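*Asks:* Dumping what Swiss-Prot says about this protein:
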- 44-64: transmembrane segment (TRANSMEM)
- 92-100, 114-117, Gly140, Ala268: GTP binding site (BINDING)
Amino acid sequence: MKDSAILNQLKVVLPPHIMEIIYFRYNQIDTYLKPYNLPIKTDVLLLALFTLIFIIIISKLFGSSGNKTRSVGGRTSNDKKVKRGVNIAILGLSNAGKTALLLNLTNVDKKISTHTSITTNNGVYITENKKKLPIIDVPGNGKAKASLPKILSNSACIIYVIDGTTFIDNSTQEAQYLYDILTNESVYQKKIPVLVFNNKMDLDSTIDTEQVKNILERELDDLRRTRGATPIVLGQEEDKKDIYLGIEGTPFQFDHLPNDVQFSNGSASPSNGELKEIDDIKNFIQTTTL
């Protein structure tokens, strides 16, 4: 045993108490294997065994932490990319200003009424690099919401429009609609980015965007408790998935979601013939549809 080159090398790098354990195990294994006259030396076999154990321990430690994902839907660096659709979906409650935004982002016929829409309005958005993307304005009525799962499954990004002048009164409804969008399986699995656009900033009664975010987070936190972990509407009743919004045991925050949720404000309608403050929307589309 003293002539073993392998054990002598181990003695240089390992503490004495570890070497005592190795010598003890060595003698046990050597005594056990001696009758079999194996062509492999005991110290080589012992080294191979220790190496195998070491590899298993390392793979368990780094493999489990590397593949760990938040059970609650938080972002992780090794998440598998899922191909998204190509549509830009404009969503929100009725009278939020969705159609006005569509008109000012696309080449849609300006004759389209900006009053409450009954059916979807469609157009084409042209990016800075001349890429043409379908853009869909989805009415806020219940009938249109029934077709929303299909629209979301084909979406590259979502613009959720809020009427900043009525948000305080409608905050619960806004949160309910947003909850259904964020817990939609396609939005969740494909990590479809969302921009919450606080519209009508040209009017004095518009609420501040930071307040909108804080109120929505509180409302969504309440909805998690009352509605559980499954979406209830949007045509998903027959195919419910266990999707929990945010991190369990902590107050809801948009930062806890797997997909990027941004906030911006502005006015979707032209003022004195000029369109104001929708550059954030254009930048959002540009960066999320590359």
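Each residue, glycine too, has its Cβ placed from N, Cα and C.
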*Asks:* Counting other Cβ atoms within 10 Å of each Cβ, which of the binding-site residues Gly92, Ser94, Lys98, Ala100, Ala268 scores lowest?
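*Replies:* Comparing Cβ neighbours within 10 Å for the binding-site residues Gly92, Ser94, Lys98, Ala100, Ala268, Ser94 has the fewest.
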*Asks:* Same chain only, sequence gap of 6 or more: which residues have a CB within under 8 Å of the CB of Ala96 (GTP binding site)?
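*Replies:* When sequence neighbours closer than 6 are ignored, Ala96 (GTP binding site) has Gly140, Val161, Ile162, Asp163, Asn199 within Cβ distance under 8 Å.
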*Asks:* Look up Lys98 (GTP binding site) in the DSSP assignment and report helix, strand or coil.
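*Replies:* It is helical.
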